[in-house]
Amino acid sequence: MGKIEVINHPLIQHKLSILRRTDTSTKAFRELVDEIAMLMGYEVLRDLPLEDVEIETPITKTVQKQLAGKKLAIVPILRAGIGMVDGLLNLVPAAKVGHIGMYRDEETLQPVEYLVKLPEDIDQRQIFVVDPMLATGGSAILAVDSLKKRGASNIKFVCLVSAPEGVKALQEAHPDVEIFTAALDERLNEHGYIVPGLGDAGDRLFGTK
């Protein structure tokens with residue numbers, strides 16, 4: 001079974017509580033998603049490799065550490081995933097950004113892929129798939145399927161709020177994909193929404209339904 005890490009940092013939990021509130025404005029919601037994504041980034045990016053580099057300070061020459069130049073890609077699931085991109089790019093500005101677009105079929109309730117735009121060397125990159133919600137897991141599974149079909153193998157999934165059902169589904173479909181989440185909530189309701197959750201992240205990010 002795949003690994004899941006719930007990031008319980010006090011700042012993240014505080015901001016997440018505000019994010020969940022029904023009276024949080026679209027502007028505040030957007031800012032909070034960005035801030036939480038950046039705070040989560042410190043943990044998500046913990047295992048990036050380092051290398052020695054010789055530098056000169058005002059005092060002396062010294063050998064210090066720098067990122068080893070590992071190729072990274074941030075891949076949001078459209079549309080809500082877009083809200084998490086800048087927070088991570090603030091930490092790793094050299095990362096490339098791909099996009100996977102999906103919508104839900106109203107009859108089958110299954111996700112349907114309508115857009116895939118990825119860096120040409122996606123198979124050589126460490127990939128962070130981002131989406132604020134991991135509910136049923138359908139979109140996450142389809143996104144990872146799409147990446148693996150194009151040769152990607154080093155994939156992590158980053159979300160703000162997750163449901164046990166979605167975590168289980170993603171872990172069973174892709175046990176090699178590590179999941180990072182700020183909250184593991186109680187369950188899904190009969191409409192497929194996370195409880196207590198935060199509503200529809202895309203609607204709240206963009207102020208449209």
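The backbone N, Cα and C atoms fix where each Cβ goes, glycine too.
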Further 5-phospho-alpha-D-ribose 1-diphosphate ligand in Swiss-Prot, beside Arg104, Asp131, Pro132, Met133, Leu134, Ala135, Thr136, Gly137, Gly138, Ser139, Asp200, within candidate set Arg46, Arg79, Arg150:
Arg79
Give me the count of other Cβ atoms within 10 A of the Cβ belonging to Ala135 (5-phospho-alpha-D-ribose 1-diphosphate binding site).
24
Rounded to the nearest Å - Cα separation of Gly137 (5-phospho-alpha-D-ribose 1-diphosphate binding site) and Ala201 (uracil binding site)
15
Taking the centre of the Cβ atoms of Ile194, Gly199, Asp200, Ala201 as the uracil site, the remaining residues of that chain with Cβ inside 8 Å are Pro132, Met133, Val161, Tyr193, Gly197, Leu198, Gly202, Asp203, Arg204
Three-class DSSP assignment, Ile194 (uracil binding site), comes back as strand
Checking the binding-site residues Ile194, Gly199, Asp200 against Asp131 (5-phospho-alpha-D-ribose 1-diphosphate binding site) with a 10 Å Cα-Cα cut-off, in sequence order, leaves none
